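Sequence annotations record features per position, and here TrEMBL assigns domain 'MTTase N-terminal' to 12-128. Annotation source TrEMBL lists [4Fe-4S] cluster 1 binding site at CYS21, CYS57, CYS91. The domain 'Radical SAM core' annotation in TrEMBL covers 149-383. Annotation comment: TrEMBL describes CYS163, CYS167, CYS170 as [4Fe-4S] cluster 2 binding site. If you look up TrEMBL, you'll see 383-445 marked as domain 'TRAM'.
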Amino acid sequence: MSDHDTPAQAAKKLFIKTYGCQMNVYDSQRMAEAMGAEGYVLTENQSEADMVLLNTCHIREKAAEKLYSDLGRLKPLKAERPDLKIGVAGCVAQAEGEEIVRRMPVVDLVVGPQTYHRLPAMVRGEAPKIITDFPEEDKFDHLPQQRATRRAPAAFLTVQEGCDKFCAFCVVPYTRGAEVSRPVERIMREARDLVARGVREITLLGQNVNGWHGMGEDGREWGFGRLIRALGEAEGLERIRYTTSHPNDMADDLIEAHRDVPQLMPYLHLPVQSGSDRILKAMNRKHTAEQYLRLIDRIRDARPDIMLTSDFIVGFPGETDQDHQDTLRLIEQVDFGTAFSFKYSPRPGTPAYERAEVDGAVADARLQELQALLTRQQKAAQEGMVGRTVGVLLEKQGREAGQMIGKSDYLHSVFVDTTTAQIGDLLQVRIIESASNSLHGKIVSAT
Ligand code: SF4
């Protein structure tokens with residue numbers, strides 16, 4: 001039995017609630033594995049858990065308040081079972097630190113996103129109950145190897161963490177720290193390990209994933225495009241995606257990888273946030289709308305069928321009607337496959353926090369207008385898939401018998417009629433119908 005096997009008689013149950021982005025989903029998985037080495041198995045049922053871990057996100061509004069109300073709901077469970085351990089991880093843990101235990105004494109431990117490799121020692125009582133520093137060491141060096149269990153066909157792999165960009169509205173540089181890239185050799189090892197366990201699609205994660213750089217296996221400095229080329233040569237890895245990117249880090253070698261690496265899917269999430277140069281400057285995005293548009297041209301030259309998605313913040317402090325119109329114009333010019341849009345809300349500790357806000361009703365009306373345009377584009381992009389044959393990686397059974405659900409090359413959910421295909425099959429599927437949030441297709445052939 002290895003150090004990381006779980007003795008059946010000692011199995012305790014761990015319930016993890018994950019908020020926020022894919023990086024948190026990945027972190028929760030790694031924390032579960034770290035706790036697996038301590039004899040914990042995951043449960044989906046909070047009431048039977050020996051430990052409840054809330055892996056928090058600080059991006060959305062009132063993140064801390066949401067955490068405190070979730071913790072309030074855990075109080076009766078802790079009163080019933082004083083042995084229950086309650087932990088808070090992630091970006092709110094990082095931002096609030098000791099305040100969490102002060103306000104909610106039911107909490108046994110608080111661990112930031114850069115230190116969760118110490119979670120097992122904290123649970124054993126061999127480390128402080130609050131750890132939110134930014135250590136020199138790489139947490140990934142201290143986490144147990146992922147255990148040799150079968151995995152779902154699509155997996156996340158964190159390659160980069162933190163951010164040095166300091167956009168005026170964003171807490172990430174303060175909660176996740178400075179940009180750090182994981183070494184090539186460890187990324188390649190983890191990718192091969194995932195493939196050996198049944199993974200066929202990997203999404204590379206990072207707050208600024210395309211800012212990744214590192215010393216390559218050939219002794220040279222690699223950029224993110226070179227890393228993708230190396231992953232494209234990994235036997236059995238059929239699909240590569242990455243998120244989230246900054247426009248200023250879309251280097252030539254990455255754009256060329258979109259042209260040259262067939263495993264790199266024709267889908268790119270490239271946040272722009274606004275189409276107004278004035279607002280982009282106030283946001284500290286360090287590029288103009290025109291530079292973004294020219295970048296999109298170059299990406300589309302390299303990969304004409306690429307589907308582009310983005311993020312928009314509406315009602316950023318100082319935004320005028322003209323700025324809003326500029327954003328709508330940029331959206332018209334790019335024609336996005338889908339996009340995420342939010343009304344600006346101030347985050348304590350960020351440069352924009354003290355700035356005068358746009359009137360709420362005005363911002364609401366702008367958001368509605370912008371979302372209506374994005375919804376039209378999304379619908380058109382989805383309907384444009386009908387009649388096309390696309391790759392679909394099957395991920396789960398459908399609701400109805402004889403149906404499975406997978407993701408297309410362009411990340412659409414696709415219902416596929418089949419009684420013989422298996423989860424993990426990568427098929428060529430002809431799209432016959434577009435519904436509100438999904439497509440329906442018939443199998444043409446296995447890829
Ligand atoms: S680049 Fe992204 S993560 Fe970094 S500060 Fe800007 S919005 Fe936040």
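Cβ atoms are placed via backbone N, Cα and C, with glycine included.
Note: the CA-CA distance between CYS163 ([4Fe-4S] cluster 2 binding site) and CYS91 ([4Fe-4S] cluster 1 binding site) rounds to 13 Å. Across the domain 'TRAM' (383-445), the DSSP tally of helix, strand and coil residues reads 1 helix, 36 strand, 26 coil.
Counted within 10 Å of its Cβ, the other Cβ atoms near CYS167 ([4Fe-4S] cluster 2 binding site) come to 21, all protein chains included.
Under 8 Å, Cβ to Cβ, and six or more positions away along its own chain, CYS21 ([4Fe-4S] cluster 1 binding site) finds CYS57, ILE59, THR244.
Same-chain neighbours of the [4Fe-4S] cluster 2 site beyond CYS163, CYS167, CYS170, judged by a C-beta within 8 angstroms of the site's C-beta center, are, in sequence order, LYS165, PHE166, PHE169, VAL171, VAL172, PRO173, GLN207. Listed binding-site residues: CYS57, CYS91, CYS170; maximum Cβ neighbour count within 10 Å falls on CYS91. Rounded to a whole number, the C-alpha distance linking CYS91 ([4Fe-4S] cluster 1 binding site) with CYS170 ([4Fe-4S] cluster 2 binding site) is 12 angstrom.
Taken in sequence order, the binding-site residues CYS21, CYS57, CYS91 that lie near ligand 1, meaning a CB under 6 Å from one of its atoms, form an empty set. Cβ proximity to the [4Fe-4S] cluster 1 site centre (mean Cβ of CYS21, CYS57, CYS91, cutoff 8 Å) flags the following additional same-chain residues: TYR19, GLY20, MET23, ASN24, THR56, HIS58, ILE59, ALA63, GLY90, THR175. On the 0 to 100 pLDDT scale, the domain 'Radical SAM core' (149-383) averages 95 in the predicted structure.
Under DSSP, CYS57 ([4Fe-4S] cluster 1 binding site) is assigned to coil, being neither helix nor strand in the three-state scheme. For the recorded site, CYS91 ([4Fe-4S] cluster 1 binding site), the DSSP three-state label reads helix. Other Cβ atoms within 10 Å of the Cβ of CYS163 ([4Fe-4S] cluster 2 binding site), summed over all protein chains shown, number 23.
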